[in-house]
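Student: Below is a structure I'd like to ask you about.
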Amino acid sequence: RTCRCRLGRCSRRESYSGSCNINGRIYSLCCR
């Protein structure tokens, strides 16, 4: 499965799987 860090919410077909911290910003880890 593929995961990516997104700023904001995950899309419907993706599931929230954690958080990413990039340059002090919090992103959502979204996997599908």
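Cβ atoms here come from the backbone N, Cα and C positions, even for glycine.
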Student: Disulfide partner of C20 per Swiss-Prot: which of C3, C5?
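Tutor: Between C20 and the options C3, C5, Swiss-Prot records the bond with C5.
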Student: Of the residues C3, C30, which one does Swiss-Prot pair with C10 through a disulfide?
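Tutor: Partner cysteine, according to Swiss-Prot: C30.
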Student: In this structure, which of the disulfide-bonded residues C20, C30 has the fewest other Cβ atoms within 10 Å of its Cβ?
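Tutor: Least crowded of the disulfide-bonded residues C20, C30, by Cβ count within 10 Å, is C20.
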Student: Just how many other Cβ atoms lie inside 10 Å of the Cβ on C3 (disulfide bond)?
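Tutor: Excluding its own Cβ, the number within 10 Å is 14.
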Student: Tally every other Cβ atom lying within 10 Å of the Cβ atom of C10 (disulfide bond).
Tutor: 16
